[in-house]
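*Asks:* Encoded as structure tokens, here's the structure I'll be asking about.
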4 protein chains.
Amino acid sequence: MNTFGHLLRVTTFGESHGPAIGCVIDGCPPGVAIAPEDFAHDLARRATGRSRHTSARREEDAVEILSGVYEGVTTGTPIALLVRNTDQRSKDYRDIARQFRPGHADYAYWHKYGVRDPRGGGRSSARETTMRVAAAVVAKKWLAERHGVTVRGHMAQIGDVLPRAHDWNAVEDNPFFWPCAEQVPELEAYVDALRKSGDSVGAKVVAVADGVPPGWGEPVYGKLDGELAAAMMSINAVKGVEIGDGFASVAQKGTVHRDVMTPAGFLSNHAGGVLGGISSGQPVVVSVAFKPTSSLRLPVEGVDVDGNVVDVITTGRHDPCVGIRATPICEAMLALVLMDQALRHRAQCGDVDEVTPRIPPSADA
Amino acid sequence: MNTFGHLLRVTTFGESHGPAIGCVIDGCPPGVAIAPEDFAHDLARRATGRSRHTSARREEDAVEILSGVYEGVTTGTPIALLVRNTDQRSKDYRDIARQFRPGHADYAYWHKYGVRDPRGGGRSSARETTMRVAAAVVAKKWLAERHGVTVRGHMAQIGDVLPRAHDWNAVEDNPFFWPCAEQVPELEAYVDALRKSGDSVGAKVVAVADGVPPGWGEPVYGKLDGELAAAMMSINAVKGVEIGDGFASVAQKGTVHRDVMTPAGFLSNHAGGVLGGISSGQPVVVSVAFKPTSSLRLPVEGVDVDGNVVDVITTGRHDPCVGIRATPICEAMLALVLMDQALRHRAQCGDVDEVTPRIPPSADA
Amino acid sequence: MNTFGHLLRVTTFGESHGPAIGCVIDGCPPGVAIAPEDFAHDLARRATGRSRHTSARREEDAVEILSGVYEGVTTGTPIALLVRNTDQRSKDYRDIARQFRPGHADYAYWHKYGVRDPRGGGRSSARETTMRVAAAVVAKKWLAERHGVTVRGHMAQIGDVLPRAHDWNAVEDNPFFWPCAEQVPELEAYVDALRKSGDSVGAKVVAVADGVPPGWGEPVYGKLDGELAAAMMSINAVKGVEIGDGFASVAQKGTVHRDVMTPAGFLSNHAGGVLGGISSGQPVVVSVAFKPTSSLRLPVEGVDVDGNVVDVITTGRHDPCVGIRATPICEAMLALVLMDQALRHRAQCGDVDEVTPRIPPSADA
Amino acid sequence: MNTFGHLLRVTTFGESHGPAIGCVIDGCPPGVAIAPEDFAHDLARRATGRSRHTSARREEDAVEILSGVYEGVTTGTPIALLVRNTDQRSKDYRDIARQFRPGHADYAYWHKYGVRDPRGGGRSSARETTMRVAAAVVAKKWLAERHGVTVRGHMAQIGDVLPRAHDWNAVEDNPFFWPCAEQVPELEAYVDALRKSGDSVGAKVVAVADGVPPGWGEPVYGKLDGELAAAMMSINAVKGVEIGDGFASVAQKGTVHRDVMTPAGFLSNHAGGVLGGISSGQPVVVSVAFKPTSSLRLPVEGVDVDGNVVDVITTGRHDPCVGIRATPICEAMLALVLMDQALRHRAQCGDVDEVTPRIPPSADA
């Protein structure tokens, strides 16, 4: 089950330390301008090794377009993208081939398949998310050109640190995608200390899509929020997903939660842009919880494939907080879900939304 | 998109105030004993009108088996279930046919389809979840008989009230599925006051599956947790889903979160029974956030289809807390996802898990 | 696997002698006018018992619309259709519950599922095709209204009898859908003799769609011709499918087969309206081979579930030629495939075909 | 829609003259031994340039395994295969970029997508079938090892030439996959004359699977024969598909067609191994009609993208009969369908067929 989406279908393949990773994007409309250099920006945002706060593995991922693009535009046929794996260090992982690391997928993969590629986590490595980000470059481009939709994200919590302010302009100027510039030195110290301690910490990322028209989403089992939940939860290390107010809704009263509509616009967005599984025209807001990395330098008791107790020490290159690089990945999944839903909506209901009046996203917009 | 699942496929149909609701269950293994009376228990647990704390609509849902069962057992062909709608009061809803109720799916459905059935929310009504519960009766039975898996749930929060104790034995003895018996009078007073005030409140439900063997789940886009997230988020009024510790993982350290494995069992279950998208053999634990009902007797400003400001008053029969009846629905979606994944695992990897040693679910088990 | 189609998805259920048969049509665009009486015409064309040349079972199928239609138009939500089974005679089939009839699905169903409903063939009965015809009523209507596409069919061979002329006007005036009026008395005598003999014979049906625009079909695994082949082969008793010249192409030269294009139109239609898996703008022509019914009054050696030799005598009501009623079924599958492909084309490539010039279907059109 | 199969899913990509073609095989069971050299045999059987009777393009296709195989066995994760395109001659095709060749996919692709890759037919080239053959190497291996199923094929007609004898041993000893050795010189002269004339001719190929157990196939829309029909019809240039007696069934009597079962075995196989859409335990027999190649050196009138009349001359390297190389492709599609169905059967009904007695494939076996 390595294919994602219904009409825009992305199939990814590849292991952390195999010869290559790649994807096939099927169902993309023809005529979208795509060049190999379009992928560089988002892949760099996701890459390890761009600051001292992520894994030391240097991912300098050059994307080769193998098919589906002719004279610079998509032809409607499958777009295959290939990235060769370069900075592999298989020896780092050799010792753990017969051990199960607590909190990792090792044990579950071994029980499922009876065989596993232990090199860098094999298929369960976050390396796979590279191709989600690559595929979403096409989706982001199409969404922007066709529908004026923009997708962006930021980190909203790391450990117990919360942003003191929210400034979209700050987000891309620090390695954490943090929306408050003045906190960045503090965060750097926090993560430095964490890395030295050998421990790790969780994080929360928020992804937002602006400009989504009302009407995207397919009740009742292809709801926009349902597919966003699956998309985000399929990212490595994710343990929770919220739409709009999410779990805060539990303690809210209905008179507080319901977003009042006026001809001038919605007065709030507790719903996070989704009503009844369909976009409402407001910004789509998704929050994603990342657990702390389980690959730690600190030894821990474990078991091996024969059931013996072993000391597990993980010596590879790892992130002290996988959430640090997760913002572009959450954006990618949001963009892929939206484009898929846009195509499905066009299929059933046609391209032009002639229903009027449309309420503005917010009253002060 | 009214079909759920890959190998066990459930298609539901029907509107709140149409002639009937129903479902088709496709892909069920042959030989499962099913009788019409098997559906009564869970449908009653989900039904409105069984206490004063839920909508006054009386759902006395008799399930007719239309196909797929011969001489009391499933034949492997599609199982169609039909429930006639009886206690309809279309007049309650007539006035709002041209209005958009804040927080409802009205506006989004209207923008998507250009036409909508306004009677009781039409397709967007929680009435649809009846058929999820009915379909899951088959899944629960198969999971129990074939794999010894049991699925159950309880409410874990209503408004800002949290359980003071956790006793599975208390759950089925009160209309809230609340795990602490001594709090029940307090909850009754709370919900009575809420209903009188005309307002509503949110809730959190936890569903748990015990006995799930390791190996269920299909990385990377058919992960067990990803599909659970989609399944839960597709339930009416859900705004958040967590696996295991969920959003609490954000503030945890890796040394805390990683569940240590010993030959005697796992020492904790922060992961909620899922590692790398595959079941680990521990209990699968899912938490679900329900927003407060938007159907309130308290008037609110709204707009109509012509863009005019209108006073919206909802006079139908509604729940002060939709989460009160949600426990069997969450259980249903958990059971359906698990059975579908069990069949998919058998397809790819075979039926018998011969990989050893399997670590017990918990060290003190 | 009782669901057909990708965006227009039809799920059928029901056995020959169960309480009811039915279908759920999902993905239909909103706004299509549908009334219960729309189904009568095509269901009558398919029904047994309308002439002495088909099974004596009287199918007077009244279609109940259970959902998806409000105030006479589709709402975009699933359309459920229900037909109660009335003229059942279970006793006819009791004796064969433990026998395998040669040429029937009995043996294969029993080996697959280990259990089967023997009443009238159960799920393997041609009774199921009723719901294909019903579902296609919606598809035919949408195709005609939205795209000006018309779908029709005729019988093209019965046994070794071939039409001596081709007149579309004759087709609906005889119970065989035969395109040559003067041959009808001859055919009646032929089928009367066949019925008296207790034997049966095969037939060939041709279905044609006029007005299909160029561009429908999804290479390379969702090709229009590939999906037509699957659709037709899924009909009971079908053993072969051809597009355009079909098997006659084997002996043709390339200079003969290739359909020359001129600005005035195509000069021939050997391709049957499909090139590279995509509609070419010419009529889509599909030929379908039906085997002779295996349910014969003539006794035959068989085996039972214990492996013993038994005499198999089939005493139920059966068609001497299942192909006689097959024309509306082939039309139905053609219409369902086309509508599904039309929606998929709109999803990927948009609704309006602005590519010019389009070559007329034929030079003399 | 470039993915084939439900549980064994093959996604292909690539154009005739792009940088590479490839596929991703998803859902393969773990533990299947696969090495790069396993692909050589079948790819050579399909390749152009191995005799003077096929296109002069030299396909020396080296398969690179990019993922899904670790230490020589499949791991259950997606298997990506890559073949670089080498012997490209884009200049051959430059002149026809704005022309529509009669009988080709050019016109249909252009109308669908509004843009097309004209180099060697782009995505519509038979080059794509390379990856079907490669993917099926895995399927053939699994079917043989797990179920003892063997898949093979032969040419059964070229133009109006029919085999005078049927000898499986002769098939692999001539470039036509012809089952009668003494006719080979005659065929060579026939095809030489054809090539010199600049014309082309059609062909019929038969593919057979022995050892298929009863029970594979999913009524009613995932029938074994329905999926075989789609699979074969999706191959370039195919215009017809038959199961067993196919169109010959039309003129048969029921007493002739029905295959009598005795405890010693079936007495005939008119059904071609499929009853009710499910395998019967007899050999599965599929016949496939290939049209004559439309790429001819003989000039023909055509139109260009502006609607003008043009002389179309095709100067590339082409096959005088595409059917000559089609036998391994038909085998491939048969193997892929069977493996997919085998996995689906295991999912729903379990792995071991304990139903008895099973009738032998044929009475004299």
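Including glycine, each Cβ sits where the backbone N, Cα and C put it.
The NADP(+) binding site feature in TrEMBL is assigned to B:ARG46, B:ARG52. Per TrEMBL, the feature FMN binding site maps to B:ARG123, B:SER124, B:SER125, B:ASN236, B:ALA237, B:GLY276, B:LYS291, B:PRO292, B:THR293, B:SER294, B:SER295, B:ARG317.
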*Asks:* Can you tell which of B:ARG46, B:ARG52, B:ARG123, B:LYS291 has the least company, meaning the fewest other C-beta atoms within 10 angstroms of its C-beta, among these binding-site residues?
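*Replies:* Looking at the binding-site residues B:ARG46, B:ARG52, B:ARG123, B:LYS291, the Cβ with the fewest others within 10 Å is that of B:ARG52.
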*Asks:* On a simple 10 Å Cβ count over all chains shown, which one of the binding-site residues B:SER125, B:SER295 is most densely packed?
*Replies:* B:SER295
*Asks:* Just the number: how many Å between the Cα atoms of B:ARG52 (NADP(+) binding site) and B:SER295 (FMN binding site)?
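*Replies:* The Cα atom of B:ARG52 (NADP(+) binding site) is 17 Å away from the Cα atom of B:SER295 (FMN binding site).
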*Asks:* Given the binding-site residues B:ARG123, B:SER125, B:ALA237, B:LYS291, B:THR293, B:SER295, which pass a C-beta cutoff of under 8 Å against chain C? Sequence order please.
*Replies:* B:ARG123
*Asks:* Would you kindly give the Cα-Cα distance separating B:ARG46 (NADP(+) binding site) and B:LYS291 (FMN binding site), rounded to the nearest Å?
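*Replies:* The separation of the Cα atoms works out to 18 Å.
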*Asks:* Any idea what the Cα distance is from B:SER125 (FMN binding site) over to B:ARG46 (NADP(+) binding site), rounded to a whole Å?
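*Replies:* Cα-Cα, rounded: 14 Å.
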*Asks:* Compute the C-alpha separation of B:THR293 (FMN binding site) from B:ARG46 (NADP(+) binding site), stating it in Å without decimals.
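*Replies:* Each residue's Cα considered, B:THR293 (FMN binding site) and B:ARG46 (NADP(+) binding site) end up 16 Å apart.
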*Asks:* Who sits close to B:ALA237 (FMN binding site): which same-chain residues at least 6 apart have their Cβ under 8 Å from its Cβ?
*Replies:* B:ALA126, B:PHE290, B:LYS291, B:THR293, B:VAL322, B:GLY323, B:ALA326
*Asks:* What is the total of other Cβ atoms whose distance to the Cβ of B:THR293 (FMN binding site) is within 10 Å?
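*Replies:* 26, counting other Cβ atoms within 10 Å of B:THR293 (FMN binding site).
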*Asks:* Rounded to a whole number, how many Å is the Cα of B:ARG46 (NADP(+) binding site) away from the Cα of B:ARG123 (FMN binding site)?
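*Replies:* Between the alpha carbons of B:ARG46 (NADP(+) binding site) and B:ARG123 (FMN binding site) there are 18 Å.
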*Asks:* Using a Cβ cut-off of under 8 Å to chain A, which of the binding-site residues B:ARG52, B:ARG123, B:SER125 qualify?
*Replies:* B:ARG123
*Asks:* DSSP on B:ARG123 (FMN binding site), three-state: which is it?
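*Replies:* Its secondary structure by DSSP: helix.
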